[in-house]
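Colleague: Below you'll find the structure I mean.
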Amino acid sequence: MGTVNVVNVAKKHQFSWYEKFYFWSIGKGLWITLKHFVKVAFFNKQVTIEYPDKKRQYSTRFRGMHSMKRDEQGRERCTACFCCMWICPANAIHIEAAEVTAERQHLHPEDKYAKKFEINLLRCIFCGLCEEACPKGAIYLDGTGEMAADNREDLFLTKERMMEKTGGPILGQRN
């Protein structure tokens, strides 16, 4: 067997003087800090909002808390088709379906309804895919952004907490 010549192709990168001492990165960070300092100190631009006293203004396109809408007759729009659950990239939605009985027929437009509908806000990334996937327009991400909670159980939204009140405004389309 013959010998094999091995060639080492790895090169060591030679850092320049400012890369060696990280002056460039430190200077960029200090420049950003100095810009914020000048805005706040000399131009009186507030960065922080005093939350309980002042409320933040949200855009009309803001995706906030989840809500479930009713149709024009006050019935639940959700028909437990599982589209929102399947499309959720964070697996934050859990639905259990049930058949509509004769005594509940006035509450649901279809033959199937969501017996249990939960959204785990600890997992939700508020991407809005559930809203886009819903063929009935049952789930919306409305503009309310106050989601502070004292315990983990408050961050699990149930159907009862999300459902629009009977006789409330019917929101059909997002502007």
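Quick reminder: no glycine exception, Cβ is built from N, Cα and C everywhere.
According to Swiss-Prot, the [4Fe-4S] cluster 1 binding site annotation covers Cys78, Cys81, Cys84, Cys134, on the basis of sequence analysis. Residues or ranges marked as [4Fe-4S] cluster 2 binding site by Swiss-Prot: Cys88, Cys124, Cys127, Cys130. For 69-98, the entry in Swiss-Prot reads domain '4Fe-4S ferredoxin-type 1'. Under the heading domain '4Fe-4S ferredoxin-type 2', Swiss-Prot lists 115-144, citing sequence analysis as support.
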Colleague: So which other residues, same chain and not among Cys78, Cys81, Cys84, Cys134, have a Cβ within 8 Å of the centroid of the Cβ atoms at the [4Fe-4S] cluster 1 site?
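Modeller: Residues close to the [4Fe-4S] cluster 1 site, other than Cys78, Cys81, Cys84, Cys134: Thr79, Ala80, Phe82, Cys83, Met85, Ile95, Ala114, Cys130, Ala133, Pro135, Lys136, Ala138, Ile139.
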Colleague: Compare the Cα of Cys124 ([4Fe-4S] cluster 2 binding site) against each of the binding-site residues Cys78, Cys81, Cys84, Cys134 and report the nearest.
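Modeller: Nearest listed residue in space: Cys84.
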Colleague: Of Cys78, Cys81, Cys84, which is closest to Cys130 ([4Fe-4S] cluster 2 binding site) if I measure between C-alpha atoms? They're all binding-site residues.
Modeller: Cys84
Colleague: For Cys130 ([4Fe-4S] cluster 2 binding site), name the DSSP secondary structure in the helix/strand/coil scheme.
Modeller: helix
Colleague: What three-state secondary structure does DSSP assign to Cys81 ([4Fe-4S] cluster 1 binding site)?
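Modeller: DSSP call for Cys81 ([4Fe-4S] cluster 1 binding site): coil, neither helix nor strand.
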Colleague: I need the CA-to-CA distance for Cys127 ([4Fe-4S] cluster 2 binding site) versus Cys84 ([4Fe-4S] cluster 1 binding site), whole Å please.
Modeller: 12
Colleague: Starting from the Cβ centroid of Cys88, Cys124, Cys127, Cys130, the recorded [4Fe-4S] cluster 2 site, name every other residue in that chain with its Cβ within 8 Å, sequence order please.
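Modeller: Residues close to the [4Fe-4S] cluster 2 site, other than Cys88, Cys124, Cys127, Cys130: Cys84, Ile87, Pro89, Ala90, Ala92, Ile93, Ile119, Ile125, Phe126, Gly128, Leu129.
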Colleague: Using other CB atoms within 10 angstroms as the count, which residue among the binding-site residues Cys84, Cys88 scores least?
Modeller: Cys88
Colleague: Just how many other Cβ atoms lie inside 10 Å of the Cβ on Cys78 ([4Fe-4S] cluster 1 binding site)?
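Modeller: So the Cβ neighbour count for Cys78 ([4Fe-4S] cluster 1 binding site) comes to 27.
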Colleague: Just how many other Cβ atoms lie inside 10 Å of the Cβ on Cys134 ([4Fe-4S] cluster 1 binding site)?
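Modeller: Result for Cys134 ([4Fe-4S] cluster 1 binding site): 20 neighbouring Cβ atoms inside 10 Å.
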Colleague: Helix, strand or coil for Cys124 ([4Fe-4S] cluster 2 binding site)? Use DSSP.
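Modeller: Looking at the DSSP assignment, Cys124 ([4Fe-4S] cluster 2 binding site) belongs to neither helix nor strand, so coil.
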Colleague: Report, in whole Å, the straight Cα-to-Cα distance of Cys88 ([4Fe-4S] cluster 2 binding site) from Cys134 ([4Fe-4S] cluster 1 binding site).
Modeller: 11
Colleague: Give me the long-range Cβ neighbours of Cys81 ([4Fe-4S] cluster 1 binding site): same chain, 6+ apart, Cβ under 8 Å, in sequence order.
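Modeller: In sequence order, the residues whose Cβ lies under 8 Å from that of Cys81 ([4Fe-4S] cluster 1 binding site) (at least 6 apart) are Cys134, Pro135, Lys136.
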